[in-house]
Amino acid sequence: MAERTHFMELALVEARSAGERDEVPIGAVLVLDGRVIARSGNRTRELNDVTAHAEIAVIRMACEALGQERLPGADLYVTLEPCTMCAAAISFARIRRLYYGAQDPKGGAVESGVRFFSQPTCHHAPDVYSGLAESESAEILRQFFREKRLDD
């Protein structure tokens, strides 16, 4: 459990960093054999790319670093429940385990919304563990959007 907490803490660092760059504060860390292979926050505004979610970024970085298109045996830690696009990427990458913090009833696609991994079109479903650092993950998002509303 201490290892899981450590990796989620790194994802929270990435989320905070994303928020400081005026990105929606979501962070992700990809781990293989107990080693961090990639870590990132959202980069959609920085790259002007709607697909530059934290999950997609770490999958791309890890595939490049390892020289392979799939990541069997890898674990992904994310501060927010992945959306449909990210859930599909997780499936295609053959991620072994997904750990996420806060649920996303509006945009999530794992235990909310379309429940992507339960669909017959899903090729691979990771083991899913939700609620890891849930309150911290949710608070980072709440604070970010609270400040956005004050700025408007």
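A Cβ is built for glycine as well, from the same backbone N, Cα and C atoms used for every other residue.
Among the features that Swiss-Prot reports, active site, proton donor is placed at Glu55, with the record citing experimental evidence. Of all Cβ atoms in the shown protein chains, 28 besides its own fall within 10 Å of the Cβ of Glu55 (active site, proton donor).
Residues or ranges marked as Zn(2+) binding site by Swiss-Prot on the basis of experimental evidence: His53, Cys83, Cys86. In the three-state DSSP classification, His53 (Zn(2+) binding site) falls within coil. In the shown protein chains, 26 other C-beta atoms lie within 10 A of the C-beta of His53 (Zn(2+) binding site).
What Swiss-Prot records for 2-111 is domain 'CMP/dCMP-type deaminase', and it gives sequence analysis as the kind of evidence.
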Hey, of the binding-site residues listed (Cys83, Cys86), which one tops the CB count within 10 A?
Cys86
For the domain 'CMP/dCMP-type deaminase' (2-111), would you mind checking the mean pLDDT of the predicted model?
98
Round to the nearest Å and give the CA-to-CA distance linking Cys86 (Zn(2+) binding site) with Glu55 (active site, proton donor).
6
Suppose the Zn(2+) site is His53, Cys83, Cys86. Which further residues of the same chain have a Cβ inside 8 angstroms of that site's Cβ centroid?
Ala54, Glu55, Ile56, Pro82, Thr84, Met85, Ala87, Ala89
Integer Cα-Cα distance in angstrom, Glu55 (active site, proton donor) to Cys83 (Zn(2+) binding site)
10
